[in-house]
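Some features that Swiss-Prot has for this protein:
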{"type": "REGION", "residues": "1-73", "note": "region 'Disordered'"}
{"type": "COMPBIAS", "residues": "1-16", "note": "compositional bias 'Basic residues'"}
{"type": "COMPBIAS", "residues": "49-65", "note": "compositional bias 'Basic residues'"}
{"type": "BINDING", "residues": "266, 286, 295", "note": "S-adenosyl-L-methionine binding site"}
C-alpha cells in the first residue's frame, strides 16, 4: 500500500517529518533565511572600525564633561582672575597642561584652592574642545547657572527689612555689564532687589557677576515671565511704578521716593517699551547741563537711586 512505512523493505530517512522524528529544530528554516543583514562595521568585534569606536569611547570617558547650555565657561587669564576676585560661585578651574605659570595663573590657582574650587589640569586639546576653540590662554572657569529669586521674594525681602520697598526693574537691557552695575548700585543705596524679564534681557552671567563686584551674591535678582503683569501686580500692592526715560514728563527733582517704589530702567537706545511706559505712575527724566542727551542705563539708575536714598535719610 502506497505511503505505508511499515511495509517490508521500507527505509525511513533520518530528518524526515514522518514517524517520531518531527521537525529539524529550525535548521532548514535558518538555512533558507540566511544570516540576515550584515551589521555595521563598528558593531563587528574584530573590524578595525569597531576597535576605533571602542578607543574613542574610552577617551571620551576620561575627558572632563563638556559644559552644558546652563553653565558658563569664562575664558582667559584676566577674566578668570577677575571673576575669582569678585567671588563668582565657580565650580571648577580648568588649567591646560603646559600652561606657563605667570602671576595671573598663580593667583587664579591660589584663589581657587582657598575657595574650595576644584582645580583640574587637562590636555590643551580638551580645553580647546570645551571652549569651541576660543582663545583661553590655558585657563577656564566653570560657573553654574544663577539661582533666580521669585518676584514675590523681592517684596518679602523689603518687608523683612522694615523699610519701604526700593526695587529696580529692567526693560530692554541686554548688556550684562549694565545689569551687574545696576545690581551693585541697588545694593549700595539700600535697595531690596532687581527684576528682569525672562526673555530678551541680560541675565546674570559671569560678566554680570564680575561687574557687580560681588553684590550679586547678596542682592536677590528675580525673573518675571511677564514684566508688565508683574509691575501691575506690584502697583496694585501699593508700589509706585516710576519709569526712567530721557523724555520723561517729570524731573527727578519732583519725584517723591520716600514711599514704596520700583524704578523701571529702559535701555539707552530703545528706552522704555510702550506697554511698560503706559503703566508707569510717572516717567522721570534726569536734569542735565550741557549737550549730553542721555546717560548710560546703569549710570542713570545710580543717579536716581542716590536721590531716593538721600530723600529717605532726610
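Heads up, the Cβ atoms here are built off N, Cα and C, so glycines get one too.
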Other CB atoms, at most 10 A from the CB of residue 266 (S-adenosyl-L-methionine binding site): 23
Max CA-CA distance, Å, over listed S-adenosyl-L-methionine-binding residues 266, 286, 295: 13
Which listed residue (286, 295) has most other Cβ within 10 Å, given these are binding-site residues: 286
Environment of 266, 286, 295, the listed S-adenosyl-L-methionine site - residues of the same chain whose CB lies within 8 A of the CB centroid: 244, 245, 246, 265, 268, 285, 294, 296, 297, 299, 300, 301, 303, 304
Three-state secondary structure, which DSSP defines for residue 286 (S-adenosyl-L-methionine binding site): coil
